[in-house]
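Copied over from TrEMBL:
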DOMAIN    200-530  domain 'UvrD-like helicase ATP-binding'
BINDING   Gly221, Val222, Ala223, Gly224, Ser225, Gly226, Lys227, Thr228  ATP binding site
Amino acid sequence: MINETEQEEREYLEEIKEKLSLAIKRVEDAVKGFSGELREKNQYIHEHRSGMDEADMVAAGQSINRMTFTGEAAVARKRKLLKLVQSPYFGRIDFIPHKQETSPVYIGIYSFMDERVRINLIYDWRAPVSSLFYDFELGEASYLTPSGTIHGNIALKRQYKIRDGYMEFMIENGLNIHDDILQKELSRSSDDKMKNIVATIQRDQNRVIRNEEARVMVIQGVAGSGKTSIALHRIAFLLYRFRDSIAAKDILIISPNKVFADYISNVLPELGEAHIPEMGMEELAADLLENKYKFQTFFQQVSLLLEEHDPAFIERIRFKSSFEFLGKLNQYLIHIENNYFSYSELRVGKTTIPFPVILEKFKAYHRVPILKRFALVVKDVQTYVRDKTGHKLTGQQKAIIWEAVPAMFKFNNVLDLYKDFYNWIGQPELLKIDYRMGLEYADVFAIIYLHIRLEGLTTYDHIKHLLIDEMQDYTPVQYAVLSRLFLCRKTILGDVSQRVNPYSASSAEMIERVFPQADIIKLDRSYRSTFEITAFTQRIIPNPNIAPMERHGQEPVLLRFESKNEEVEAIKGMIAAFKNSANQTLGIICKTLLQAEDTYQSLQATGVYLLTAESISFKEGVIITMAHLAKGLEFDEVIVPFASAGNYITEVDKSMLYIACTRAMHRLTLTYSRDITAFLST
Ligand SMILES: Nc1ncnc2c1ncn2[C@@H]1O[C@H](COP(=O)(O)OP(=O)(O)OP(=O)(O)O)[C@@H](O)[C@H]1O
C-alpha cells in the first residue's frame, strides 16, 4: 500500500505536482508548436495563393481548421492542468475488487494520466469508480460501470483539502466523518459566484447527480438543499457520461433572471465544461410568439401583486394557474373542432362542392393542427373541382377557394379564439387586455398553448437536456407548453415554499400530472444556513420535514426602531461593521424594488450595489435588492429591513419574507419600526 502516513501523502502530493508541471510544460510546447505551424501555413497560403486551385484551397482551409481545433484542445487541457496543480485531488479510496490487487484511486476535479506509463494518477469525480467515494465508507462496496457492477471492499478512505498546491489538512475516514469537511466548507464565507461542491457531494445528492435513467426528474428541495448545485453537477455528469452524444450547446437552462444566470455561470466551467446556453421564460415566449405581442413580464406581475392588492387581478392569475384552466382549454379545443366549422356550400364556376365533402376532408386531417388544415383542404377542393370539370383551375377560381374555405371556420387567428374561449366558459371578465400595456403574463403561455395546438410548433429538437430552475413559479399551462416543445430529458427543480406568487405555485405533485413518468426526488436537508437561521425561517413557513445542518452561529437578530429613518441609520452602521468583518457578501433584501431603491438612495454608501430586474451580473460586497430578485442567491449576511406589521401583510409578502431570510448563510438581522410583522410575532 502506498502513502500510509501523512508525511508520505505530502511527499506524494509534491510528486504529483511535479508530474502536473511537466505535463503543463509539454502542453505549452505543443501550443507553441501549433501556433508556429499555423503561422507558417497561413504564410504559405498567402504566398502561393495564385498557384492554388479550389481543391488546394479547401484542403488548406481544412488543415488550418484541424490545427486550430487541436490547438484549442491543447489550450483547454492546459487550463485544466493549471487548475489541478492548485488542487490535484480531494479524496482517495483504496478499493479491493474481489480476488484482485488494489491500487489507490485519487479523485479530483479532472482526470490526469501519466502519459508515459499510461496510468491514471487522478480520476475524474464523475468516473464510475469515483462513485465509491460518495456512496460508501470502509467495508463492502460496489459501483456500476457500463459493463456491469463491480463488487469489492474499501480498505481505506481519505479526504484532503489542498489549496494553492498546499495540503491544509487530511482526514482519515473511519466511520462516517464526512461531515467534518462539509462543515468546514459550509462555514466559509461565500464567493461572488456559486461554487462547485465536488469534494463534499452527499450520498442522496450523488444519487440525483448520477441518475441516468430518469426522463424527467423533478427535485423538490427545501431552501438551501443544494438543488441548483446538484442540477449543475448533474449536467456536468451527463456531459461526461454521454460525451459522444451530448455537448454543452445541446443543453438549455431556463433560468429566472440574468443575475441568477450570471451567479451560476461559473460552476460548469469550473468543472471543465463549456458554458451552457441559458434563456428566461420571457425570452422563450417572445421567441414563440415571434415578437408579435407585447406582454407583461413575470417580474412585473409579481411587482403588481406586491404593490397593489387587486382581487380581480389575483383571481385572473389564480384561475390561469390552475389545472382546471388547462383542462378547459383542452375542452375548448374539442369544442371548436366540432362546432366552429359552419355550413356553406361552395360554388366554383359551375361546380358545386357539397359541404359534407369539405367537412370530410377537414376531419381526415385530424392529426394536423386546425389552422394548418385549411391549406390542405384547399388543395383537395381544387383537385375535386379539377376532377369534376376535367380542367385546370383558373387563378380566379383558386382565389375563390382560398377565400371560402378558411371563412367556413369561425375564427382564423389565435388571439380571437383565445378571447372567444372566455365567452365560451361564460367568464369574459377573466380576460383583460390592455393594448397599451400588452398582454398579462398569465395569458402569455395560454396563447402559446393554443398557438401550438392550433397551428403546430417548431420544436426545440436540437436540445437534448432541459434544466428548469424555480419550478414552483411556472403553471400547468407553462409545463404543457414545455412538454410539447422539448421532447428531451428534463431536470426540473424548485421549492413550493419559495413561491414568489402564492396564487400560482407548482408543487412536485402538480408537475407530475403534466409529466406522469417523472421521478420525484425530495431533499430535506438544508446546507446553506446555520441551524439558528433555519430554525428562525421555520417560524415564517414551517416545514416539518426540514433537516437543518448542525452548524451553529449567532441567533438571528430582530431590531426595533421608532421610524424608518432610524432603521436606515442603523443599517448604515451594520454596513460599516460588515466591511470590517471577514464576511464577503451582504444582502439587504427588501420586499419591493421601490423599497430597495429608496433604501439605496437613503444609504448613499459607496460600494453598495442596487440589483434590479435589468441587472445582468452578481457583484461581491453589499447588494440591495428585493426578495424576488434575490431568489437562488445567497449571502454571508442578510439584513431584512422594514419587517414591520404594516409592510409584510399578505400571502405574497409572507413568501417574500421567507425567501429573503433563507438567503442568509451565517448571519441574519431584521429591522422594523414599531410593530413586527404578524408572521414573526409569535
Ligand atoms: N454537498 C454539499 N457540499 C457543500 N456545500 C453544499 C452541498 N450541498 C449544498 N451546498 C451548499 O449549500 C448552498 C445552497 O445550495 P443551492 O443554492 O444549490 O441550494 P438550493 O436548494 O438551490 O437553494 P434555494 O432554493 O434556497 O435557492 C450553497 O452554498 C451550496 O454550495
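The backbone N, Cα and C atoms fix where each Cβ goes, and this holds for glycine too.
Mean per-residue pLDDT, taken over the domain 'UvrD-like helicase ATP-binding' (200-530), amounts to 89. Highlighted in sequence order, Asp495, Leu523, Ser526, Tyr527, Arg528 have their Cβ within 8 Å of the centre of the Cβ atoms of Gly221, Val222, Ala223, Gly224, Ser225, Gly226, Lys227, Thr228, the residues recorded for ATP, and are not part of that set. DSSP classifies Gly221 (ATP binding site) as strand under the three-state reduction. Non-local neighbourhood of Thr228 (ATP binding site): Met194, Ile264, Asp469, Leu493, Gly632, each in the same chain, at least six residues away, with C-beta under 8 Å from its C-beta. Packing around Gly224 (ATP binding site) is summarised by its Cβ count: 27 other Cβ atoms lie within 10 angstroms of its Cβ, all protein chains included. Lys227 (ATP binding site) is surrounded by 25 other CB atoms, counting those within 10 A of its CB over all protein chains shown.
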